[in-house]
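J.: I grabbed these lines from TrEMBL:
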BINDING   ASP196  Mn(2+) binding site
ACT_SITE  GLU281  active site, proton donor/acceptor
CARBOHYD  ASN300  N-linked glycosylation site
COMPBIAS  312-322  compositional bias 'Basic and acidic residues'
REGION    312-334  region 'Disordered'
Amino acid sequence: MKLKLKNVFLAYFLVSIAGLLYALVQLGQPCDCLPPLRAAAEQLRQKDLRISQLQADLRRPPPAPAQPPEPEALPTIYVITPTYARLVQKAELVRLSQTLSLVPRLHWLLVEDAESPTPLVSGLLAASGLLFTHLAVLTPKAQRLREGEPGWVRPRGVEQRNKALDWLRGKGGAVGGEKDSPPPGTQGVVYFADDDNTYSRELFKEMRWTRGVSVWPVGLVGGLRFEGPRVQDGRVVGFHTAWEPNRPFPLDMAGFAVSLPLLLAKPNAQFDATAPRGHLESSLLSHLVDPKDLEPRAANCTQVLVWHTRTEKPKMKQEEQLQRQGQGSDPAIEDLIPQNQRQPLQPQGVAQLLLCLLPACHVALPTGWGQAASVVSQVSPIWGGAGQMDSGGRVTYWGQACSGGLEELGWTLPT
């Protein structure tokens with residue numbers, strides 16, 4: 001059926017009229033489009049405000065960096081170091097002293113294995129710039145290593161560490177440096193630092209705020225890459241060790257520090273010279289803390305900040321050969337006592353000299369000292385050394401000695 005144009009036009013007209021009428025009706029109704037418009041406007045306002053804040057921050061000068069606590073506000077770290085006479089002693093102590101000089105608020109307790117202080121150590125301490133206390137105590141003969149014995153057979157440094165603990169507890173005994181023990185109420189921490197280890201200065205930051213006994217791993221010890229506590233949820237739950245893991249505290253001497261107030265509150269806590277091999281640390285710690293109460297440091301014992309290193313023993317064959325020829329190294333090169341401060345050696349000093357001579361010793365004495373010279377030449381030495389008399393009649397002696405030789409003691413013989 002054909003649609004007429006007239007009918008199409010009529011239908012279009014009716015639809016248009018209906019749409020127009022609907023539009024006219026809607027004009028009178030309230031519009032709900034304002035909330036979205038208002039929300040969009042608020043977002044723009046917030047963005048403008050944030051941009052203004054950022055611009056203001058850029059114009060503002062940067063804040064001053066946070067200042068570390070004043071040294072006086074820091075607890076003191078008391079570092080206890082036993083030491084004994086040997087060729088590398090000065091090198092070891094120089095290296096350690098320069099590490100300690102980087103640490104604020106530190107007091108070095110250096111304890112010699114000797115009856116009296118030696119000029120070498122006294123001079124080194126005086127030149128170190130550190131706050132120090134110089135102590136000396138000789139290891140009893142029964143506790144000393146015998147010739148040919150390996151170093152691990154007997155505990156070493158026991159008397160020296162206990163001497164330092166006695167000083168901290170007010171029992172005196174200092175032979176140089178600061179002689180007054182810390183007053184009651186002093187906040188501090190005690191650390192046992194052997195002179196041959198290697199220490200990161202970060203280690204001292206970790207230990208400074210110890211409340212009881214803090215612990216951390218030690219590298220290159222016990223036949224392992226490192227040895228130390230195993231930590232879970234911030235608590236020590238065991239120890240990574242290979243040798244006698246059932247020890248009460250399978251820790252290296254360099255692997256813990258003790259709060260000074262705790263140490264002073266336990267007057268019987270000290271090292272036991274009769275402790276079995278590997279139990280020296282436990283002999284002290286067993287008086288101070290339970291293993292479950294140890295405080296893990298160094299990122300929950302995941303960082304190694306101290307290493308159990310050892311300096312190789314120097315080979316002195318050429319030196320000994322030159323000494324036998326009377327052409328040994330000049331002892332004045334390592335002498336810490338100026339020539340004009342040396343004291344004449346009196347006859348009573350000969351007895352001390354004879355007790356301290358070393359193997360392959362050659363000492364010439366002026367006329368009138370013939371009997372002493374005879375004894376000197378026959379002394380069965382303990383370590384090794386040499387000496388000779390120059391044209392002026394003065395004796396030169398060098399080498400390592402239990403309490404020093406002529407040069408180390410600053411003595412010269414009268415002509």
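Glycine residues also receive a Cβ, built from the backbone N, Cα and C atoms like all the rest.
Unlike curated entries, TrEMBL annotations are predicted automatically.
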J.: In the region 'Disordered' (312-334), how many residues does DSSP assign to helix, to strand and to coil?
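T.: Across the region 'Disordered' (312-334), DSSP assigns the residues as follows: 12 helix, 0 strand, 11 coil.
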J.: Could you state the CA-to-CA distance between GLU281 (active site, proton donor/acceptor) and ASP196 (Mn(2+) binding site) to the nearest Å?
T.: 18
J.: Out of ASP196, GLU281, which has the highest number of nearby Cβ atoms, where nearby means within 10 Å of its Cβ, if these are the recorded positions?
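T.: Selected residue: GLU281.
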J.: Rounded to a whole angstrom, what is the C-alpha distance between the residue listed as 'Mn(2+) binding site' and ASN300 (N-linked glycosylation site)?
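T.: On Cα coordinates alone, these residues lie 26 Å apart.
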J.: Give the number of CB atoms, excluding that of ASN300 (N-linked glycosylation site) itself, located within 10 Å of its CB.
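T.: Within a 10 Å radius of the Cβ of ASN300 (N-linked glycosylation site) lie 16 other Cβ atoms.
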